[in-house]
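> Please read through the structure below; I'll follow up with questions.
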Amino acid sequence: MSHSVIKVSASAMEQMKQSYAGSLTPAVPQGAVFQAKPPGCTITAYRSGKVLFQGKNAGTEAARWGTAEAPKAKKTVKKAADPLYAPPAGIASMSVIGSDEVGTGDYFGPITVACAYADKTKLSLMKELGVKDSKDLKDPQIIEIAKLLIKTIPYSLLVLKNEKYNQMQEKGMSQGKMKALLHNQAISNLLRKMNGVKPEAILIDQFAEPGIYFKHLSGRDIVKEKTFFSTKAESIHLSVAAASIIARYSFLIEMDKLSREAGMTIPKGAGPHVDEAAAKLIINKGEGALRTFTKLHFANTQKAKRLVERKRS
């Protein structure tokens, strides 16, 4: 049986737990934080930060969350990245469309997907504007840089709001397929905007193996030519870093809108503070409000309902 092991932060582990909310097992092995069994894979997350993926889809699931650690014995246990879709040498200095998403692990708020075209002649300017991995930037910096970027480079942005997200999820669509559809559409939109200008490459921040990504798009017009995938793609090309900044900027705007609508601050993430906020929203606006504010299938929904019951009893 194939397996992969990755190391993640506590916050990333919490996001993973929420993502697999529908397939969590009631009991967990000793030393584990959670165990989930999505199709073709058993996932066990340990307090040490290590996450073990086992089964025929181990490589696919592990690739959503990070790079697997090098195996100590058998070299065949980790699925190698498909060389056909690995970024080419020298891509950092090429003219590239980069694509990334924000909001997939947040209980409140939409998923925002952005792609941005960074012409090789603009790379120095983008560095001067402060473009880098968005994880290293605070929200005020994101806002400042994004406002400059959207006036400087071609981009495309899509926002999947909660009500539509919940409709798609309830019809059986996985979050992975939603993301694939959004990335493909955003890239298609940007290529049309560029009026015939051809990028040297298209780089997608990898959330699934390329074969799975393209399978999600079966039956649709797929942008495939010169398309490459990599985890941590923000550090490979500035176009992906720019896309991430624009996507996060949009996410912040949407969260502000939700906060105004709710009459309270809507928090990011999926931790206990989010459960409390969701419980407060239920008390103030009714349980039905969750449909337009949250990703209903996350475990936070049931946790918030239990909090409300305790507060009312």
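Cβ coordinates come from backbone N, Cα and C, glycine included.
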> Given that Swiss-Prot annotates Asp100, Glu101 as divalent metal cation-binding, name the residue from Asp205, Asp221, Asp256 that shares the site.
Asp205
> Let me know how many other Cβ atoms fall within 10 Å of the Cβ of Asp100 (divalent metal cation binding site).
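Total other Cβ atoms inside 10 Å, all chains included: 28.
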> In the same chain, which residues outside the set Asp100, Glu101, Asp205 have their CB within 8 A of the centroid of the CB atoms that define the divalent metal cation site?
Ser99, Val102, Val113, Ala114, His183, Ile204, Phe207, Ala233, Val240, Ala243, Ser244, Ala247
> If you count Cβ atoms within 10 Å of each one, which of the binding-site residues Glu101, Asp205 comes out on top?
Glu101
